[in-house]
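Feature list (source: TrEMBL):
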type	residues	note
DOMAIN	A:43-156	domain 'Ferric oxidoreductase'
TRANSMEM	A:45-63	transmembrane segment
TRANSMEM	A:75-93	transmembrane segment
TRANSMEM	A:113-134	transmembrane segment
TRANSMEM	A:146-165	transmembrane segment
TRANSMEM	A:171-190	transmembrane segment
Amino acid sequence: MSIARIKIVVFLLAFAPAAWLTYAVLTDQLGANPIEEVTRDSGTWALRFLLITLTMTPLRWLTDWPGWIQFRRMMGLYCFFYACLHMLLYLWLDKFFDWPEILADIIERPFITIGFISFTLLVPLAATSTKAMIKRLGRRWKKLHKLTYVIACLACLHFLMLVKADIREPLLYIFILATLLFMRFYRATIKPIILARQ
Amino acid sequence: QAFDNTTESRFSTDEKLTTYQDITTYNNFYEFGTDKSDPATYATDFPDPNKPWQVTIDGECDKPGVYDVDDLIGKQDLEERIYRLRCVEGWSMVIPWTGFPLAAVLKAAQPNTNAKFVEFTTLFDPEQMPGQRREVLQWPYIEALRMDEAMHPLTLLAIGLYGHEMPGQNGAPIRLVVPWKYGFKSIKSIVRIRFVERMPTTTWMLAGPNEYGFYSNVNPDVDHPRWSQKRERRIGEFLKRETLMFNGYGEEVADLYDGMDLRKYF
């Protein structure tokens, strides 16, 4: 299969959670509180796609197949897509666009503050994801997109702070993120030291 | 088993009932798992009919005792009470409970002058309650009320809903219902009721001291540190509604808290 074809398949697969959520809402399959369920799920999918985005580079190292990088932007944009959905559901169905209340939420509640910052930081990354922007920004583009690491940490924290008592799921994502970050740290810092000693 | 000899209560609301389906599939009962759907999945055969259910009533009282739950219920006149239930998470339901005032049971035990609080304990049995195999909360679950709250005519021991025996996921065979407090105060599947002199530390107070206070009265003006309590989503409705002080039971219970700073005693 050509990479263009694989891309189409991956594109459709990444859209599947959104399609399923829509279908499940319309057919009343999300239990007694569907709005909360969709709000939570869209947030979880945003985090998952962010982690998938961060997995592309380590996969290239591990498999020696440079093709992984070709999926990185799509995964990143899907993260943004689910994050937008998550944000919209919060603003609309949780707060019904009550702006003073939303502002108070953002200022007073650390977990909302952190979620809001994560989303805000995603916006410039999505806006600079086109080929033209990559060219225009040059080396600064790479620097800017290092924000992804910050966003991933904040998003994990956002999830952890939201949970009432059972922290297993956020801990799983924190563990995955820590592994992905450690692989980068190892390659950039520890490996050169080991090689230099030999 | 259906209850057909129940009397209507003057405390009942005439609001639209939440469906039986929603009441029995959307539950916070961490003893069976932390997902809202876990209790309905894992509590279908709860409690095990081969394990007799006993309720111990003891502590600061003159007539302590250990009762078979059926004996305890048998002495009571059953009522149907339609109450609003407001969860601390920001959703609410309207539930037709079957039960009797807690005060009836408490008075029979003849509490002495040292009895200032009433402490309740849920069953601890990881074999029947798979959620207890992990320390999500400190088991067994403990809840408590001040004596006057426990004796209040609104405070109910419920043994059924929608006129039928209590489903496992809703706290069979016997549970507390305190309609002006957040739902977690209404402890499920009770095995012990104890009169004590000092304010007990409840399970949720232990889990999050700055988030869950002893009183936990429904109060739109005192937010949970992580979310606003101004509004709530009534299960089955699209728009949110304003949360009412004491969950709308202020007329009956507000005087219990006269002169208390409800921000401090949240």
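Yeah, the Cβs are placed from backbone N, Cα and C, and that goes for glycine too.
Note that TrEMBL annotation is computational and uncurated.
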Per-region confidence, the domain 'Ferric oxidoreductase' (A:43-156) (mean pLDDT, whole number): 95
Which residue counts does DSSP give the domain 'Ferric oxidoreductase' (A:43-156) for helix, strand and coil? 102 helix, 0 strand, 12 coil
Long-range Cβ neighbours of the transmembrane segment (A:171-190) (under 8 Å; 6 or more residues past either end): 47-48, 51, 54-55, 57-58, 61, 149, 152-153, 156, 159-160
